[in-house]
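Colleague: Can you read through this structure? Questions will come right after.
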Amino acid sequence: MGWTLSTEDLSKWVRQCFECPLVGQVKKNVLPGLEAFGGPAGLCVKLQTASNTGIPSTEVKARREHFGSNYVEPEPPETIWMMAWNALQDPCLIFLCFAALVSFLVGMAGPAGSLEWLEGVAILCAVGVVVTVSAVNDYQKEQQFRALNAVKEDVSVTVIRDSKKTKVSTHDIVVGDVVLLSTGDMVCADGVVFDHNDLGLSEAMLTGESVIKRKGMFDIQDSDSDEAALKVGPALFAGTFVQEGEGRMIVLAVGQNTYQGLMEEKMKEDESEKSVLQKKLDDMTDLITKVGAGAGVLTVAVLLVRFALAFYQGACCKEAWDHSVHWVEALRFLVVGVTVFVVAVPEGLPLAVT
């Protein structure tokens, strides 16, 4: 096909429309780009479309291959095994496993026929139950969330193709499509408005502002200051909602090439950065963890000193050193210290972050 505009050119111009809300910025950055396209009429010619006839349905596949798809493939979900592994990274569970191992060894080193080793096995079983329930619960929530998202995103819109109105899925929208908009509709792609009747949109999803943005061809008066906010603009952005009026939009960017898609990609790159609240909660958790660890170490130290004094004074279980008795007692002190630490670490505080 003879399309003379690239995906990058169209996406860049739409992005400039969003990032240039002032009259002076529009004059400097946006209008030259529109003039390079040949104005609204030139856009139609270069995209081989028209507001009253749309595109031929036979070109949909070729346009999707050239300009991109409006369907963004979601990232593959974590496997249930990976979720179980992530659940096992909890410091409390790690130390519980350590305590279970110590308890098991102490029990095995005890008198013949003793069942004290069952305590360690019971702790490991409890950890296994916690990890399994957590992983299964997270996996089910992830599947339900994805199913709801798929239903929410796959809605029907009215377009003009082959000079006829037809209903298509938002996933099937391509660059050059003429989309009919009315009150309550969500804009499914980035584009430029042509025919319109008092069209007003809410861009709160992108800007956080609840004011209605009027849409139409640029309305810049000679008396307008360069620092004044643009009153009317032609660009429509994916994810925004029609609050008033109706109109027709010619699609210029779809999927990841929309302003919304670019922002989502940027947010994925910044996901590793934590918020101020998350950092403060992490610092508090680290502080309490250190205090708990210190309390555990102090407890073990006190018990060992007490044990040493009792042995020195002959008030211990046996006067002569017996590995099977005295080392078991020392290991019990270690179990007590680990227990103090596990109890001291707040379980609910890290969850507050999520």
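Each Cβ is built from the backbone N, Cα and C atoms, and glycine gets one as well.
The domain 'Cation-transporting P-type ATPase N-terminal' annotation in TrEMBL covers 36-108. The transmembrane segment annotation in TrEMBL covers 92-111, 117-136, 287-311, 331-353.
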Colleague: With a cut-off of 8 Å between Cβ atoms, can you find at least three pairs linking the transmembrane segment (117-136) to the transmembrane segment (287-311)? Only pairs 6 or more residues apart in sequence count.
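Modeller: No, the transmembrane segment (117-136) and the transmembrane segment (287-311) are not in contact.
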Colleague: Provide the three-state DSSP residue tally for the domain 'Cation-transporting P-type ATPase N-terminal' (36-108): helix first, then strand, then coil.
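Modeller: Final tally across the stretch: 48 helix, 1 strand, 24 coil.
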Colleague: Taking the domain 'Cation-transporting P-type ATPase N-terminal' (36-108) alone, what is its mean pLDDT?
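Modeller: So the average pLDDT across the domain 'Cation-transporting P-type ATPase N-terminal' (36-108) works out to 84.
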